[in-house]
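For 1-13, 85-158, 388-406, the entry in Swiss-Prot reads topological domain 'Extracellular'. Marked as transmembrane segment by Swiss-Prot on the basis of sequence analysis: 14-34, 64-84, 159-179, 282-302, 304-324, 367-387, 407-427. Summarising the annotation, Swiss-Prot assigns topological domain 'Cytoplasmic' to 35-63, 180-281, 325-366, 428-554. The region 'Calmodulin-binding' annotation in Swiss-Prot covers 441-462.
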Amino acid sequence: MREETEPSERTLGLTPTWSVATVLTIFVFVSLIVERSIHRLSNWLQKTKRKPLFAALEKMKEELMLLGFISLLLTATSSTIANICVSSSFHNDRFVPCTPSEINEELESTISTVKRTQLTRSLFLHTLRRRLSGIGEDTCSEGHEPFLSYEGMEQLHRFIFIMAVTHVTYSCLTMLLAIVKIHRWRIWEDEVHMDRNDCLTVVAREKIFRRQTTFVQYHTSAPLVKNRLLIWVICFFRQFGHSVVRSDYLTLRKGFIMNHHLTLTYDFHSYMIRSMEEEFQKIVGVSGPLWGFVVGFMLFNIKGSNLYFWLAIIPITLVLLVGAKLQHVIATLALENASITEYASGIKLRPRDELFWFKKPELLLSLIHFIQFQNAFELASFFWFWWQFGYNSCFLRNHLLVYLRLILGFSGQFLCSYSTLPLYALVTQMGTNYKAALLPQRVRETINGWGKATRRKRRHGLYGDDSTIRTETSTIASVDEYNDQVLDVSETSPVQDNELELQLIRGACGNSSSVETPILRPCASISSTTFSRLQTETTDSLSRSSSLPMRREC
C-alpha cells in the first residue's frame, strides 16, 4: 500500500535549492576537468609540434561536439516528438525487437529479484514502475499512439552518450597500442645506423629476403596454384604471432630507400611514425556512411534476427582479411627477390600499388576505420542494453551469443590495434608513391603555399608560364599532387630532363652518420629552359638566405 501512495516526482519548484546546487556543482566540476584536460593535451601536442595528432584530437572534439549537439536536440524536442501521434496500425509486431509481453515478463522478474535481494530497492522499483506504466500509457486519442515515446527518447539519448564515450576511448587505445608496437621496432633502426662498416647491408642483400624459408623452398618445387594457396595460409596464421620480424622490417626499409633514392642512413622508423600519425586522423570520428550504418542497424534489428551476433562477425573477419593481405604483400616481395639469381647487383625491390587490392593501399585504412567503429558500436550497444533493459532482457537473453560477441569484439579490436595497424603503417610504404610525411614540414608548407598562390592566380586569370614560387629560403617547382598527400615517383614515367630525387644533405667529409633532412632536387616535370632559370633563381636565393644548411668543411 505504501508503494501505491508514494508521491509523484518533484519538480524544481518543489525541490530544495541545496540539492539542485549540489548536483549542478558536480556536473560543472566534472565538465571543467574534462575540458581543461583536453585543453592541456592540445597545448602539449602543439608545443611538441605533433600537428597530425593535434588534428586527430581536433577531430575527436568535433565528434564530441556533434554528439553533444544531437543530445541537446533530443532533450529539447523529446516532448514535442512524444506528442506526435500516428495510427496504431503503424505499430505492428513485425518491426520490433521485443514484444510487450516479453517486456512485462522481464520487468516483473526484475522486480521480484530486487525484492528478494533488497539491493537499492526503492530506486529500482520506482524506475521499473515508470516503465511498466509507460507500456500501456496512452497520450493520444483512441486508435493512435505516440510516434516515439518520451521514455524511448530518453533511452536513445543515453545510447548517444555511451556511443560517444566508447568510440573516443577505443580511438585512443588504438593509437596507444599501435605506437607501443611500432616503438619496439626502433632497435632494428638503431642497428642500421650503428653499422658504420655497412656489414648489415651486405647481410640484408644476401639473406634478408629469404626469411620465409618454408614457402620459398616450396615455391621452387610445387605447382603455382598450390604455391599461392600455401602462401595465403601461412600469411593468415603469421598475423597471430610476430606479425613483423627483424628481417621483414629491414627488407621493407631497404626496398623503400632504394626505390626512392634515399641514403642508407635515412631514419625510416621516424618517417613511418610520422606517416601513421597523419593517417590516424583518418580513422577517428564518425563519417556520414558510418552514421548510415547505425541507422540501418536500428531499422533492421527486428525480433528473431540476431543481428547483433552476425554484425559482431564482420569486424573480426575484416581484421583477419586485412592482416593476411598485408602479410601477403611482404611474402610477395620476398618471393620476387628470392627468384632473382644469386641477388644480382643492381636489382632492387619493386614496391608498387599493384600489390594491394584495386591498386589502392588507402582502401585498407578505410577498412580499419570501419573495424574500429564497428567494435566500438558493438560494445556501446552491449552496455546500453544492460543499463536500460537489464541483463535478462530480450536483447541479451541468449547469454552464449552475448559472450561470443564480446570475445570476438575484444579480440578483433586488440588484433587490429596491436598487429594490423602497425603492420599497415609499415607495409603501405611499399606503394608506388611516397607520402607527404617524407618531406620536411618547411618544404611542405612552401609547396602548399605555392598551390594556394597558383589557384588564386587561376581564379583571377593571372596564371602564366612562370610556375615557381620564390621564398626567402627556397624555390620549389610544381607539385600538384600535394593536395592528395602523395607525391608521385613512379618508375614507369620516362625521365628525360632531370629526375626528382630526395637526397640527404651530408657533410663534405662524407663520413657523417647522422640522419639529416631530405631536400628536393630539380623536378622532372619542367623543361630544360625553365630548369636553367630555376637553377639561376635558386643560386640567387642561396646567396640571399642564411637559413639553408651549409656544407661543413673537413
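Glycine is treated like the rest: Cβ placed from N, Cα and C.
Among the listed stretches 64-84, 159-179, 367-387, 407-427, the one sharing the most Cβ pairs under 8 Å with the transmembrane segment (282-302) is 367-387.
In this chain, the transmembrane segment (304-324) lies in contact with the transmembrane segment (407-427); the count of Cβ pairs under 8 Å, excluding pairs fewer than 6 apart in sequence, is at least 3. With DSSP states grouped into helix (H, G, I), strand (E, B) and coil, the region 'Calmodulin-binding' (441-462) comes out at 19 helix, 0 strand, 3 coil. Taking H, G and I as helix, E and B as strand and the rest as coil, DSSP gives the topological domain 'Extracellular' (388-406) the counts 10 helix, 0 strand, 9 coil. The average pLDDT the prediction assigns to the topological domain 'Cytoplasmic' (428-554) is 50.
Here the topological domain 'Cytoplasmic' (35-63) is broken down by DSSP into helix, strand and coil counts: 26 helix, 0 strand, 3 coil. Long-range contacts of the topological domain 'Cytoplasmic' (35-63) within its own chain (CB-CB distance under 8 A, at least 6 residues past either end) are made by residues 164, 167-168, 171, 175, 274, 277-278, 280-281, 284-286, 441.
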